[in-house]
Amino acid sequence: MFYVSTPIYYVNDAPHLGHAYTTVAGDVLTRWHRQRGEQVWYLTGTDEHGQKIMRTAEANGVTPQEWSDKLVEEAWKPLWQHLEIANDDFIRTTEKRHTERVQEFVQDLYDKGEIYKGGYEGPYCVGCEEFKTPGDLLEGDLCPIHKRPVEWLREDNYFFKLSEYGERLLEFYEANPDFIQPASARNEVLQFVRTGLQDLSISRSTFDWGIPIPWDDKHVIYVWVDALLNYATAVGYGSDPERFERIWPADVHLVGKDILRFHAVIWPAMLMANGLPLPGKVFANGWLMVGGEKMSKSNLTGISPRQLTEHFGVDAYRYYFLRAIPFGQDGSFSWEDFSARYTSELANDFGNLASRVAAMIGKYFDGELPASAEREEAVAGALAATVAKADRAIGDELDFAGGLGAIFDFVKLVNGYLSEQEPWKVAKDTSEEGRARLATILYTAAESLRAVAVLLNPVMPGTAEKLWASLGAEEHLGALAEQRVAEAGQWGRLPAGARVVKGEILFPRLES
Ligand code: MSP
């Protein structure tokens, strides 16, 4: 089973562009693998315990549970639906299926002697829900990520013996060089672990919005230990061994780079301590930036995913961020850049190609796809190479920008082919050879679009579906979702005789 997870998001606020970025990436990755014909499990959810949520709820005069319920149902789930996220499950950390299993997991570590009671004091950032090392702080004792003052916390807590796992972790990274990606993220973690790990405080006793420590109910479990375990509890850890066996472990944990250490250090150490198999990969994506700062609720200046989808449409939204920003690097959002790509790549290169080809087949062949007299080797060869490249980039390397770049280079190539062949001129030649030539040109273009629909389906499912319908492909080849990536590059699948109709415009002109 190809199992992919997103971080579970804090429900202190509504989702913004940064959250949607990771969730869309995971959706494209998993749709791609489904289209390879693999069994796939895509998990997302919400992180609902801890001080941050508790304080937000208090400030709004409701209980943390009421607050979480409201945000999950009114903000998070509806946005994922709106963005066509095809997750297989949605886990909330306040669900019983989670809380009970988390207690069992922690109890198990306690029984194994991995947890002891101790005291700790240090600067704590509630935004990160993390103790900071004094050396990491900015001037004025500000958290380097949230740029807000940290709090001094002194508590008697339970500790996990994380410090004992440094060597084993380094050996594991060594033996699994692809475990942490991209390379910059891997290097950061290696350096961090090499400097030596401290034991991890895994309980809190100064507030109670969390899962009680099973052997000492004056403490609640540290929100990060609780949260990380969602990846296990959601797929049947401790409750459904058969299911757990089938899905576990995750192939890819997608995370933002700010939460890399939790996933690449603490999480594997917890699993080692418990004796569970470790995940295949932790991939850290970069940040969406605004004015040189990590985009966050406070500096969003009012842009929400829905404002962008209203203007550009859902499919263009899903496309834009993955195409414009190399996955793993930071990137800025700007209306100008989005508009420019929309117009040149989506509307002109791709949308116009689809409507021109359908229009010409309508005009010259009454909408019936003609048989091709010969095979255009240059186009067919370019298609096969494109499929191989996109499959490796998107499916294996999570290089969405590279994969989409390859697909759109092919779209450009087909445009170039039409400009060169000038079918509108060939159409004036009514001789048998002229008709045969025209048939070859238009068949070649339509067959190319057939493949493009398959390749773009994971990224822009609505648009790909429209194109599939306009090519009359379903009747002969079946549902678009059933098309396999491996077959996309085989030339000549769309049969002569398919009913081609000029469908609606794929990417309408933007309103100014
Ligand atoms: N609840 C934890 C994750 C627990 S996972 C076991 C958390 N939640 S969060 O809501 O604060 O952030 C979730 C994810 O959103 C993180 O991966 C974070 O990197 C990502 N992003 C938040 N702002 C972002 C950008 N501006 N750009 C890209 N991703 C961003 O951390």
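Residue 1 is the first one shown; counting continues down the chain.
Glycine residues also receive a Cβ, built from the backbone N, Cα and C atoms like all the rest.
Unlike curated records, TrEMBL annotations are generated automatically.
Within the listed segments 9-19, 53-63, 460-470, 493-503, TrEMBL records motif ''HIGH' region' for the stretch 9-19. When TrEMBL is compared with the stretches 294-298, 374-378, 474-478, the one noted as motif ''KMSKS' region' is 294-298. The DSSP secondary structure for His146 (Zn(2+) binding site) is coil. Secondary structure of the motif ''KMSKS' region' (294-298) per DSSP, as helix, strand and coil residue counts: 2 helix, 1 strand, 2 coil. Close to the recorded Zn(2+) site, the chain also has Val126, Gly127, Glu130, Lys132, Pro144, Ile145, Arg148, Val150: residues not among Cys125, Cys128, Cys143, His146 whose Cβ is within 8 Å of the site's Cβ mean position.
Note: Cys125 (Zn(2+) binding site) has non-local neighbours Lys132, Cys143, Ile145, His146, Arg148, Val150, Glu151, i.e. same-chain residues 6+ apart with C-beta under 8 A of its own C-beta. In the domain 'Methionyl/Valyl/Leucyl/Isoleucyl-tRNA synthetase anticodon-binding' (383-475), helix, strand and coil residues by DSSP number 77 helix, 0 strand, 16 coil.
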